[in-house]
């Protein structure tokens, strides 16, 4: 018997014990307690709401909105959703604490939505264990939960991505209300930060996967034609999003990790740069075509660094936890990708991860964990689906024995 099967057999036998019956009854409250404990630990560690470098411009924009409904232009407009969120709490007079506590509350709701969604996708929704384990990973991993106390976009972005996933899975039984729910979630995540469009693109990919699986694929071909007609709009949006980013300058410096100059990729030959009067997307395409080897190496290094997770300046305890917990989660996520769970849901999760990775490969990885943590709910959800598949298989084997 394979090791995984032996482990699941032991788990299955344990489920008949009185303790397991108690755990089944109270596991929801235990998850809530774990989430609350994690929030308390992060509060103590951060000593209240945490102000970071980017927080200053968010707060400035939020104060302008709260005082006179004035919106900052330029680069800050690409993050307009977050200053709007902050402005609400500033207007109510709750200050930084109101912002942070609202982020904490939304993360709790997102954890509930995450649990409900993974359980809904399991082969047997009555089996609560895979969803519970995936949620333990979500609320127990400190790197995800600590951003709830930061005055940054990460916490709200993660919560809204989870809400989008939850709303998408509810579309298995579509209605007007559920269409509006999904559309609202995608709009909100899209205005929080420039890469928020990945949720809409991932939802579109999920829709295409649904149509692909239908007999005849006529609707799929019509949808593909519709997406082709939207190409000019996508081109315009991408140029607007990239207009204030200095991507080419980043390539000149050879940085793999933003804000960290001890890991640079030096070009082996003179680089060719695009004319400055080209549109941002064309400048990027020009640089890629003119310097394919250098750009390819730099992009691959950024992508590998993103999922490697570990940085040389992390503490040994942090590195050990990543090796022991995150890397096995990657393996489980790969197994979950190949499960029989609803195809559009799996497509959405993989598309979010793929698009975010492409964004990092074309831009730069963050010196902290800000670019990888939005992907961890996707990893944990897929890992939960792998456990759900094995649990269902073991249950069937137990019945046949």
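Cβ coordinates come from backbone N, Cα and C, glycine included.
Automated prediction, rather than curation, is the source of TrEMBL annotations.
Annotated by TrEMBL as transmembrane segment, the relevant range among 147-168, 257-278, 279-300 is 147-168.
Record note: among 118-135, 316-333, 316-333 is the stretch given as transmembrane segment by TrEMBL.
When each of 95-115, 219-238, 316-333, 370-392 is checked for Cβ pairs under 8 Å to the transmembrane segment (180-213), 219-238 comes out on top.
The transmembrane segment (345-364) is in contact with the transmembrane segment (147-168), judged by 3+ CB-CB distances under 8 Å for residue pairs 6 or more apart in sequence.
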